[in-house]
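According to Swiss-Prot:
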- 1-80: region 'Disordered' (REGION)
- 10-30: compositional bias 'Basic and acidic residues' (COMPBIAS)
- 31-52: compositional bias 'Low complexity' (COMPBIAS)
- 58: N-linked glycosylation site (CARBOHYD)
- 59-73: compositional bias 'Acidic residues' (COMPBIAS)
- 200-281: region 'Disordered' (REGION)
- 203-212: compositional bias 'Low complexity' (COMPBIAS)
- 213-222: compositional bias 'Acidic residues' (COMPBIAS)
- 248-280: compositional bias 'Low complexity' (COMPBIAS)
- 252: N-linked glycosylation site (CARBOHYD)
- 280: N-linked glycosylation site (CARBOHYD)
- 299-349: domain 'DHHC' (DOMAIN)
- 329: active site, S-palmitoyl cysteine intermediate (ACT_SITE)
- 371: N-linked glycosylation site (CARBOHYD)
- 388: N-linked glycosylation site (CARBOHYD)
- 393: N-linked glycosylation site (CARBOHYD)
- 449: N-linked glycosylation site (CARBOHYD)
- 483: N-linked glycosylation site (CARBOHYD)
- 494: N-linked glycosylation site (CARBOHYD)
């Protein structure tokens, strides 16, 4: 009886020691892994059941789990730094908003100002030789066009194109950190469980650690160890860990381990499939546009943390989602969207008119320079003709006039005014050609109520454009902001309807 009491006391002591060690392990999980930081997100992982066949808990040290956790959190933190949320690249000053690239914006102003200064200072005074009214009209027309050009240029460059406000970036960062911690706990538990199962497969820890020779006492010891293990690992709050007592035979241990591995792999595969389905479902939202059969897919923007509204796209240069995004214009240094497309269209059209005007007037001035100037070679020829007027023929007159005109043109090109005329003619021709293609392209887009990126991606290629309401109504919408409420909806609100009237 005394021996049995001593053995029972030893068994109880061992149970108490195991319970204390298991409590310490639970504290390690709570303090270092951060299991209880986000109870809402923890529910996503409560359905994962891990089956663990445990031996003697004395074989495991307290620092093993914490070391595994620290390694896994470091890996996840490195991934989080790579996916760090970038801030917007747009520049804000009171109500002025512009993009980050300002070098080409300065070049655009130089391309407009330099030819204009040469034209106003050097060439417009030549029109006085033709007519006084022509000189005054040149000053009025050129200055008026320059005012319209720079007004639309600066308004387009410093107007908010329709940037969609982001969700709170700090909250999204905290959510990502919490998710990485939960993923780290998952990896740590998997490593801890698989390492324990490998040890059990090699030998029987409980039978080797038993200090008693009687079979009855061994049975009592095994029952005590299994009950204490179940009590200590019972529903930790995030994961359900089931403890099973191994049998004495190694064959049964290996069979149980194989079955447990298969069950765990099946559960993991099912959970991965469910997570992938949830990601695919939450990546897009389909919305029907008006009464048409066209369904617009609103994509979720990871950077801005919101669902993009119809016809909205993310600009990689400014790092913003923009309403009715058309394109990012490098020459203006800003995105072209719902709020500044009208000014962009007016800018390119007025610049085209100005380039054509400079081209035509430079040709007129060059003709005037050629007619009013006479080369020294022509003066010598005229003196020779006057001295030999008796031998003068009509056939020679045509040749002499042609030679005179060529000599006068070559001589005029050597002068400052003639060289500037040639420069402005070449510059105006190139700018008129490029801007002519650009303006004609945007006229076609305006009449069909499409944007540049929609035409480039061919979104409405195989179906009718639901936003096309006729060329007259499209002109009112695009160029006069008449009833421009295509995107008057908050797609990120759960209470919004899936039917948008265009």
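Keep in mind that glycine also has a Cβ here, set from the backbone N, Cα and C atoms.
Here residue 449 (N-linked glycosylation site) comes close to 465, 467, 468, 469, 474, 477, 478: these same-chain residues lie at least six apart in sequence, with C-beta atoms under 8 angstroms from its C-beta. In this structure, of the recorded positions 329, 371, the smallest number of CB atoms within 10 A of the CB marks 371. In the three-state DSSP reading, residue 449 (N-linked glycosylation site) counts as coil. Mean pLDDT of the predicted structure over the domain 'DHHC' (299-349): 89. Using DSSP to sort the residues of the domain 'DHHC' (299-349) gives these counts of helix, strand and coil: 9 helix, 17 strand, 25 coil. You'll find the Cα of the residue listed as 'active site, S-palmitoyl cysteine intermediate' roughly 44 Å from the Cα of residue 371 (N-linked glycosylation site).
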